[in-house]
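Participant: If you scroll down you'll find the structure; I have some questions about it.
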């Protein structure tokens with residue numbers, strides 16, 4: 001049979017269908033042979049005794065087995081739930097419509113071997129990988145036995161002993177390769193490891209994964225900042241995970257988006273890690289023949305079932321015996337995937353082929369051995385559950401995991417994340433150069449427009465307008481400077497936070513502190529240029545008070561920008577939501593609408609408006625103590641003094657202190673709300 005044949009004949013003889021598989025799982029039973037015994041159409045396999053699994057605390061090799069793994073997708077758990085379904089009880093909705101994604105999957109991955117999960121799209125590769133790593137997404141329910149060195153696995157044990165290289169590479173693009181790995185070493189490695197040893201490990205990993213040439217090159221941001229190549233980026237993902245030298249590694253589609261040379265390079269890295277004694281499991285989509293030959297074991301999946309599990313040579317022999325031998329000069333991976341892939345219009349034939357191949361493998365010698373390993377794992381789990389077996393290793397790992405999900409202490413996390421955030425701020429050209437250039441240009445423009453104002457009735461209106469421009473510029477410039485800070489890095493933060501690298505409060509505090517010097521300097525530059533050009537109150541103490549108020553207004557606006565950023569799921573959403581929310585606060589600032597004429601039912605908005613407090617404080621700083629204002633026009637109302645100007649605007653000098661206090665409270669309140677929004681995003685992302 002060839003890959004392009006039109007009709008599929010039954011791939012296995014009827015004699016196999018009549019065989020029955022039984023297992024001898026008695027712990028005291030002796031086994032005369034590891035091969036199956038056949039008599040009278042019955043295949044009897046003696047389950048091998050448990051391997052010599054040492055106690056892991058410092059064991060470097062892990063055998064991972066899984067048995068009877070099933071996964072179901074429940075439609076009602078998706079976010080497309082209709083609101084009119086909520087009247088029904090939760091028990092009726094929870095498992096209303098279930099689609100089985102994985103069907104009784106058995107398997108094992110051994111140290112020193114690279115196991116590749118293969119299959120057509122929708123075969124269940126990624127679902128199986130997520131189930132094995134306890135990372136099933138919402139809407140998917142999984143069950144089954146998973147064992148590490150014969151001990152039942154838990155999410156805490158898996159997190160402590162394994163690494164997971166996800167398909168999408170997420171990095172802070174302004175860091176260099178070495179800086180990224182140094183940060184990873186600071187937060188991933190155990191807290192008792194000294195700094196010098198961490199740096200030696202970083203250098204070892206750079207050398208092992210051939211990153212020496214690009215170690216001082218920035219990682220890069222697609223479309224903005226040129227950096228390392230796709231293959232180097234994938235190797236950097238591996239380097240981040242192998243820093244802690246985990247005995248078990250999972251990789252999801254490591255060759256996606258790479259050319260054939262880079263893909264071969266990446267698989268060589270995985271094969272090299274496996275040869276060092278690690279257990280490596282990866283999913284791969286349609287590998288080339290060169291990549292196929294580099295795999296130690298294959299797990300071919302079809303429609304959520306195991307079609308084959310064994311070495312490439314065993315796969316060739318298995319499919320040859322079924323009458324579906326791979327043609328000469330043909331990529332075996334393409335042949336097997338095409339054989340088991342669904343063809344539109346031939347669903348019945350495809351279903352028959354998949355069922356025949358999966359049944360044949362389950363009853364083959366290889367399938368029986370896999371089933372025996374799975375039965376052994378189930379048996380050992382039952383012994384531990386009933387108290388007949390010791391689970392010292394699992395208890396040790398559980399104790400280690402229960403201490404804290406984070407390897408580094410709070411202070412170590414804070415130092416590392418603050419260091420990375422500061423590097424990101426200083427290396428981002430848009431954040432420093434463009435922002436300061438924008439500030440200088442706008443301040444000069446406002447200074448030129450309002451240049452040389454005098455204390456007369458025309459100057460009063462112009463000065464009040466210039467002060468409100470101060471306020472508006474400090475708000476919009478800084479809100480839109482930070483509105484993308486958290487939502488753009490949200491995928492990176494969620495991945496690293498859920499990997500146990502650092503806490504949410506550490507990240508939030510570090511990001512805000514790293515940018516604090518910028519937001520303290522910008523208002524000072526703006527005020528220094530524009531203040532005396534406009535001709536505001538010349539007293540030195542009034543200048544410094546105005547600078548301090550501008551800095552406070554900037555930080556309140558920045559806090560509100562952080563709130564929008566943390567609550568938004570994307571940069572485009574944050575940019576769309578920001579202006580409509582800011583405009584009402586600006587209308588109640590006392591410039592467009594007199595503070596004394598605000599409708600009572602909208603008064604609560606004015607109490608949340610930093611425009612109101614900032615405008616009042618800046619105007620009090622400008623007009624308090626001004627005893628006389630020149631009246632140059634007889635037919636117009638002329639304020640006689642600064643106190644009259646403030647009274648006309650419904651402001652009072654005695655409210656200056658409360659204005660400052662209220663802006664400080666808004667600063668703290670917006671920051672706290674932004675942190676809680678980040679926590680909410682974190683829990684949703686989980």
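Glycine residues also receive a Cβ, built from the backbone N, Cα and C atoms like all the rest.
Sharing the features that TrEMBL gives for it:
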- 1-10: compositional bias 'Basic and acidic residues' (COMPBIAS)
- 12-38: compositional bias 'Polar residues' (COMPBIAS)
- 81-328: domain 'ABC transporter' (DOMAIN)
- 1-44: region 'Disordered' (REGION)
- 436-453: transmembrane segment (TRANSMEM)
- 465-487: transmembrane segment (TRANSMEM)
- 508-531: transmembrane segment (TRANSMEM)
- 543-564: transmembrane segment (TRANSMEM)
- 571-593: transmembrane segment (TRANSMEM)
- 660-680: transmembrane segment (TRANSMEM)
Participant: Could you check if the transmembrane segment (571-593) is in contact with the transmembrane segment (465-487), meaning 3+ Cβ pairs under 8 Å among residue pairs at least 6 apart in sequence?
Facilitator: yes
Participant: Do you know the mean pLDDT across the domain 'ABC transporter' (81-328)?
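Facilitator: Here the mean pLDDT over the domain 'ABC transporter' (81-328) amounts to 85.
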Participant: Report, as numbers and ranges, which residues of the same chain sit near the transmembrane segment (508-531): CB under 8 Å and 6 or more residues beyond its ends.
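Facilitator: Residues packing against the transmembrane segment (508-531) from afar: 414, 417-418, 420-422, 424-425, 431-432, 435-436, 439-440, 442-444, 446-447, 466, 470, 473-474, 477-478, 482, 485-486, 543, 546-547, 550-551, 553-555, 558, 562, 671, 674-675, 678.
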